[in-house]
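One structure is given below, encoded as structure tokens.
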Amino acid sequence: MNGSRLLFGHIRAHWWLYLIGVASIAAANLVHAQFPRILGEFTDELQRGGLTAEAIRRYSLILLAIGVGYGVLFGAGQYMNHRLGRRFEFRVRQRLFAHFTKLSERYFGGNGVGKLLSYFMNDVTTVRESIANSLNQMTNASVLLVTSVAMMLWSGIPAGLLAVCVLPLLSIPLLVIYFGPIIRTRSGRVQEALARMTESAEEQFGGIRVTKTFGNEPVARQRFGERVDDIRDKQLQLVKATSLFQALLPFAGAVSLVAAIGYGGYLTIHGHLSLGLFVALTLYLRLIVTPLQQIGNVINTFQRARASLDRLNELLAEVPDIRETDSPKEAPASEEAGIEITGLTFAYPGTERPVLVDLSISVPPGRTLGIVGRTGSGKTTLAKLLLRLYDPPAGTIRIGGRDIRELSLESLRGSIAYVPQDGFLFSTTIRDNIAFSDRGASREKVEAAAKLAEFHGNVAGFKDGYDTKLGERGVTLSGGQRQRASLARGFLKESPILLLDDSVSAVDTVTETRILGNLRRSRKGRTTILIAHRLSAVRHADEIVVLEEGRIVERGTHEQLLRLGGVYAELYAIQEEGAAYE
Ligand SMILES: Nc1ncnc2c1ncn2[C@@H]1O[C@H](COP(=O)(O)OP(=O)(O)OP(=O)(O)O)[C@@H](O)[C@H]1O
């Protein structure tokens, strides 16, 4: 979808409201354009010596009516246009968010949070301001220009004189053609620099604790300073172009006024033009200097808005990598939720080296698989493929006999409760964090999940219990508590498949043993995958696979692998030795 269509689609959808807004402003300007003519007539009556007290009262009332009429109509039009601008902003933000939720992990991996925020804040606001202001000012300016010229002709100002005065104004379209693209390009650069600054701010704020513990504040200040300097440079370049453009427009207006005074003054001296008409002419020309400046403003803001619209357009055109088939199937029921992985080889998009090589694993329904391996051996990648955060090659992963690429994303992800190592907790209550997959879950259900995760004891210690708020304005949990809260969230989901990715690594060994015991009791008969560094976490699994550089190097039960005396046995010996030291 194209950027202009985003804007024009909105205008088309609300065209009648825009018409009311534009018509009100147009009517306001028609009223306003009467002003010089009335003053011209007043001057002529004054010159003829026929001005009576009654006429002064009449002229005063007419001028008052013009003022009130203009104020009411202009205010109403402006209100309408600003309201519509806000509606545009609201809709576009909603749409952007909906689009974001469809984009894949790869997109978010490549684009920082700050950059994405910048679309919501800077770009949408620039377009909204442009719509409301441009419409108000453009209607204002064009109606005032046209009516002023018409009124000048209607008042009897000679067409020749008018042509001489208006001629300098014809340079305006040429200026617009020249400056428009320059302003747009420079404005695009400002928006990009703003996005980079927001991204940098987000990163610096996120990493502020690391910065402080390393005493690295000067480096952080310098890095952020570079971003701010970049914005300043880009903005200065933009300001130079817009200022020059805006200065040249009134200059054209001033040349036109000089022509009026020269030629009009000559005609007045020689009696070809009444003093009243001369006054009206100069007032009209003064009156059109403001619209000329407004046109300049509008063109500036519109060019800036186009740069932002182009950026929004690019974002909306981003096609999600992970898509469903035309008729996606439902994931199988719990008792069929076995997993078959056959000949799975996978490299991350844009990379050559496969991270997983020819994996074949079978997890019958209700069984538990343990996956161990050194850091970087591909364990989490396998979890991401199971969830289709990245696409596995067709036919390589099946659940209940169905290729996961044929399942609807909602039902696939609904059938797997995934607990990552660093589960993110939202700034809301503990209850809402645990009941994330089922907001209506009963208190008992939330507590049962927390008990399974050995988290209930901690929660009971908080003054507000499950209503304790986490995050920015709430309690800060320890690493182990966060991990158990995230684990409770996974347990509450009660999905056919449970996938724990090193989810008990931050808890002590006694708590780990309890959690794993709870898990074995509660998940009896349900498919479970345990990814772990600590072998104690997988020793009860029905099968354990050992990964090295993306390949399965050993497989079997805990006892079989110990007997094999290979990598697993070696790791086990090292970990046992470590545990003995503890
Ligand atoms: N988004 C990505 N793009 C490219 N390469 C990636 C991406 N994510 C991970 N990798 C690479 O894939 C390999 C496997 O990573 P993965 O996270 O699956 O390992 P892991 O076994 O889970 O490690 P750990 O035990 O440390 O969590 C690593 O070499 C990593 O650098």
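From the backbone N, Cα and C atoms, a Cβ is placed for every residue, glycine too.
Under the heading domain 'ABC transmembrane type-1', TrEMBL lists 19-304.
Residues or ranges marked as domain 'ABC transporter' by TrEMBL: 339-574.
Residues or ranges marked as transmembrane segment in TrEMBL: 15-35 (among others).
Annotation comment: TrEMBL describes 55-77 (among others) as transmembrane segment.
What TrEMBL lists as transmembrane segment is 138-155 (among others). Within the chain, the transmembrane segment (138-155) has long-range Cβ neighbours (under 8 A, six or more residues past its boundaries) at 21-22, 25-26, 28-30, 32-34, 36-37, 40, 74, 77, 162, 166, 277, 280-281, 284, 287-288, 290-292, 294-295, 298.
Only residues 6 or more beyond the boundaries of the transmembrane segment (161-179), in the same chain, are considered here, and those with a CB under 8 A from a CB of the stretch are 149, 152-153, 241, 244-245, 248-249, 252-253, 255-257, 259-260, 263-264, 267, 273, 281, 285, 288, 292, 295, 299. Sequence annotations record features per position, and here TrEMBL assigns transmembrane segment to 161-179 (among others).
The annotation transmembrane segment is assigned in TrEMBL to 244-263 (among others).
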Within the predicted model, mean pLDDT of the domain 'ABC transporter' (339-574): 89
